[in-house]
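As given in Swiss-Prot:
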- R210: active site (ACT_SITE)
- K234: active site (ACT_SITE)
- H306: active site (ACT_SITE)
- R309: active site (ACT_SITE)
- H332: active site (ACT_SITE)
- Y341: active site, O-(3'-phospho-DNA)-tyrosine intermediate (ACT_SITE)
- 16-121: domain 'Core-binding (CB)' (DOMAIN)
- 169-354: domain 'Tyr recombinase' (DOMAIN)
Amino acid sequence: MKRDLLLTKIEEYKNIMPWYVLDYYQSKLSVPYSFTTLYEYLKEYKRFFEWLIDSDLSKAARIADVDLTTLEHLSKKDMEAFILYLRERPSLNIYSTKKGVSQTTINRTLSALSSLYKYLTEEVENEHGEPYFYRNVMKKVATKKKRETLAARAENIKQKLFLGDETMAFLDYVDKEYEYKLSNRAKASFRKNKERDLAIIALLLASGIRLSEAVNLDLKDVNLNMMLVEVTRKGGKRDSVNVAAFAKPHLEAYLSVRKDRYQAEKQDVAFFLTAYRGLPNRIDASSIEKMVGKYSEGFKIRVTPHKLRHTLATRLYDTTKSQVLVSHQLGHASTQVTDLYTHIVNDEQKNALDKL
């Protein structure tokens with residue numbers, strides 16, 4: 001979703017929310033939570049508050065009037081009834097034959113509500129320095145996580161990674177082959193953004209930074225002499241991330257055309273730009289997702305930017321055999337989340353042995 005449209009929709013949701021949700025929004029914006037995350041959370045709150053009113057658990061006539069007392073006194077059975085409602089309500093997708101929403105969606109809803117309840121019962125302070133209330137019903141609600149072993153995850157994900165020579169082959173495909181599949185009109189559009197698109201893909205493959213971190217990069221955050229980028233990690237922490245040397249020529253090529261191609265002025269600090277009605281704007285996450293999907297589908301298999309992050313992590317572990325180094329590169333506090341890459345590499349080694 002375009003940033004301007006995203007902010008417009010956020011304002012629409014804020015206009016119907018209770019005052020304490022607006023306080024929550026402001027607090028999380030300072031962390032900072034991404035606008036995308038906050039937008040998704042506001043959608044979940046709207047759905048929850050509408051259910052409270054429809055179920056007569058709140059006597060409010062509108063969402064903005066749902067009071068704190070209602071949230072404080074909701075029981076575990078009430079929350080379980082809400083989960084059951086999510087499971088059994090008709091799907092909003094008219095093309096879907098499924099009844100209810102997926103477990104992933106339910107988990108996202110519960111995560112949003114847990115975040116709100118934690119804020120109201122632990123983080124916020126009233127005029128007496130106390131939270132608004134103390135009873136957190138969300139701590140009693142169990143979530144069902146998708147059961148899948150690391151080996152199964154590795155098997156599912158490795159087909160969507162560009163390992164070994166495929167990393168450079170993918171970049172070469174975008175650079176030298178992709179446009180020959182296009183019409184003359186499509187070629188003109190491709191050539192306009194070719195250097196930028198290659199720079200984005202190269203940076204993701206060479207650093208493993210998250211999509212949101214790439215989107216939010218400013219010019220001052222990129223040091224091509226040191227091959228470092230400064231990013232804001234989850235939780236608002238700043239981090240310096242090393243970038244592999246193969247990305248440098250692509251980043252330099254983009255910078256050489258950035259000013260003239262996108263009409264960038266001094267105040268346009270975003271590193272990756274797009275032209276909207278002739279004016280430079282920071283590129284948004286959805287544009288990068290579509291771009292990566294389009295190129296990767298033509299090359300091998302349609303993937304997301306997050307799979308490029310997995311690609312870097314797997315290649316780095318394959319080279320170093322160090323989970324600590326990989327976790328530092330990805331910005332993880334623990335090596336536990338890097339266990340996946342050991343399984344992928346071990347599978348690749350086994351496949352290589354089978355060919356001997």
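Glycine is treated like the rest: Cβ placed from N, Cα and C.
All features noted in Swiss-Prot, drawn onto the structure.
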residue : record                                                : CB count, 10 Å
R210    : active site                                           : 21
K234    : active site                                           : 16
H306    : active site                                           : 16
R309    : active site                                           : 21
H332    : active site                                           : 16
Y341    : active site, O-(3'-phospho-DNA)-tyrosine intermediate : 26
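DSSP places the residues of the domain 'Core-binding (CB)' (16-121) in helix, strand and coil in these numbers: 71 helix, 2 strand, 33 coil. Taking the Cα of R309 (active site) as the reference point, the closest of the active-site residues R210, H332, Y341 is R210. Reduced to three states, the DSSP call for R309 (active site) is helix. Recorded residues R210 (active site) and H306 (active site) have their alpha carbons 7 Å apart, per Cα-Cα distance.
When the Cα of K234 (active site) is compared against those of the active-site residues H306, H332, Y341, the shortest separation belongs to H332. Calculated from their C-alpha atoms, the gap between H332 (active site) and Y341 (active site, O-(3'-phospho-DNA)-tyrosine intermediate) amounts to 14 Å. Under DSSP, Y341 (active site, O-(3'-phospho-DNA)-tyrosine intermediate) is assigned to a helix (H, G or I) in the three-state scheme. The two recorded residues Y341 (active site, O-(3'-phospho-DNA)-tyrosine intermediate) and H306 (active site) have their Cα atoms spaced 14 Å from each other.
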